[in-house]
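Visitor: Could you have a look at this structure, given as structure tokens, before my questions?
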């Protein structure tokens, strides 16, 4: 921390802005990183940000995403990143080094261990993109105790009230994001940057402010350096490395840094003359007095006051692990949701669309499935009969009505199987709102029918080629897009995932499933069901079915995840069955990750369940043992698909088929006078081609042959 402070003080004494440079650890190769750090310093860098690679860097543009991917392919971990710092220090690196990145790899490493190892390796502090101060209380305390810096970020969207608190938190400098959006070099600077910096300086006192995002040329450096204490350059350094001839990367970095700032190491590492030394050693004149002391507890209380009243956690799960640019937008969303959740006029409007949606939904006994299982009565809650063919319409309509009250004109969504995308495109068509749906390229391939349905409805469909090209990657791109377009765009997230208040919003609109089930079972059976069953991906239909029964201990809650090829293989999506606690897409929950906190690729025959995370409320129900979760393999899901089709004349979605298999297994263990309700979350016409494609492989496992 002190090293960073002294660096900014020295730059100020020399009447210049500090050059803060970024490179991803292990890019282009781990062996080159210490040389690149030294080259940055020789080229005039005053402070160095070393990026810790992560599989899902939602705040970064394509350039740094690529660098992360390459570093991970080289096997770079947090441990090896710290070794790179040690190696550079041993070879003479003097510049302060900040670790920059995302929280999950750090959380996986262990906060206390991380702080100790970082201090020993020669790291000076942290810039953690998705760890806002509200979520970093213990981490900040550890940093303070260890003399390491926690650098807050401020974005153009940050309100004055929030900015005031963030500036108080800063212990070395403040990182100012020059524009809304993701990282990346640009041809022009934000024209509103002087105004943004003026706002920052209003609250920052004498704390330095360094500006990043979009700086790429010497002119940019000069312009920003004239009004800021530091200038951050990252993406253009990655690009410089990419463009350099093999073996010339280190030299190219040094030359680029020198070009940016017009200086080099020889100019900046001069000996202090006697006058400078005496000036630096002077005692302050008079006795220093203070008018008050602001403690960490005071700051935490101020942060809490910026938020609404809805609890943002379910036990230890939930929270808002997002880039600073989203924080005030989420507060706006929470405030808007608070206004409508208990407003009779809103719910009257919502229910006025029931005839269009196909609600109230149907519930009936599955006679032949019951006979087949030979145990409890099996009932079907028919969300597949809703308009658009799934439960997704419940949430899409509710969030669109909320977005209109917030004054948003455009809607974005992510989708896996396409059902949420279709539901969102449908409500946007009805209300005349522009709609963009992000969908993994692999899901576009296997759900081509739903892609065409979305386009028929007037939506724009963006295929995401990054990563595993599935739902997780669609969420990443949707979040990146939203950060850029907060002013006029609402993100209708499709599952009970994401940062607070999204899990609560989605649960609220999906609870119509469980509320109707409870009422209908009382009418038909005069009692509550003994168990309710739902498939689980992100958890939207499960949380909607389970929540109304969560305080009824006589009702078992069973969630059925995607077991893929089996949870004893790497090819599954069974997050609650086989995952561990971590942070993904803005929320602390169970996730599928490796030992280094990197997110694992997943597999399911069902695109809608092919996701490495799950809603935080479901995670809490798992830990408190309120709900039980099991996994059904692809073959077992096919068995559920076949039985529902051939015994009840209902072709279910492959997602729902997982729940069907789990419910049948449960019903077999129960008494004939007991009742199990399955949430039949969607219809299966979208999956017929997938079943036909996979049947030659899976069919023999379950004795099912439909070849002509």
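For all residues, glycine too, the Cβ spot is worked out from N, Cα and C.
Below are the features I grabbed from Swiss-Prot:
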- 49: active site, proton acceptor (ACT_SITE)
- 60: active site, proton acceptor (ACT_SITE)
- 392: N6-(pyridoxal phosphate)lysine (MOD_RES)
- 1-305: region 'Tryptophan synthase alpha chain' (REGION)
- 306-708: region 'Tryptophan synthase beta chain' (REGION)
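For the listed features, I'd like the structural context: burial, neighbours, distances.
Guide: In the three-state DSSP scheme, residue 49 (active site, proton acceptor) falls into the strand class.
Of all the Cβ atoms in the protein chains shown, 26 others lie within 10 Å of the Cβ of residue 60 (active site, proton acceptor).
Secondary structure from DSSP puts residue 392 (N6-(pyridoxal phosphate)lysine) in a helix.
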Visitor: Using C-alpha atoms only, work out the spacing between residue 49 (active site, proton acceptor) and residue 60 (active site, proton acceptor) and round it to an integer in Å.
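Guide: One finds 14 Å between the Cα atoms of these residues.
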Visitor: Which one is it: of the recorded positions 49, 392, which Cβ has the fewest other Cβ atoms within 10 Å in this structure?
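Guide: Candidates: the recorded positions 49, 392. Fewest Cβ atoms within 10 Å: 49.
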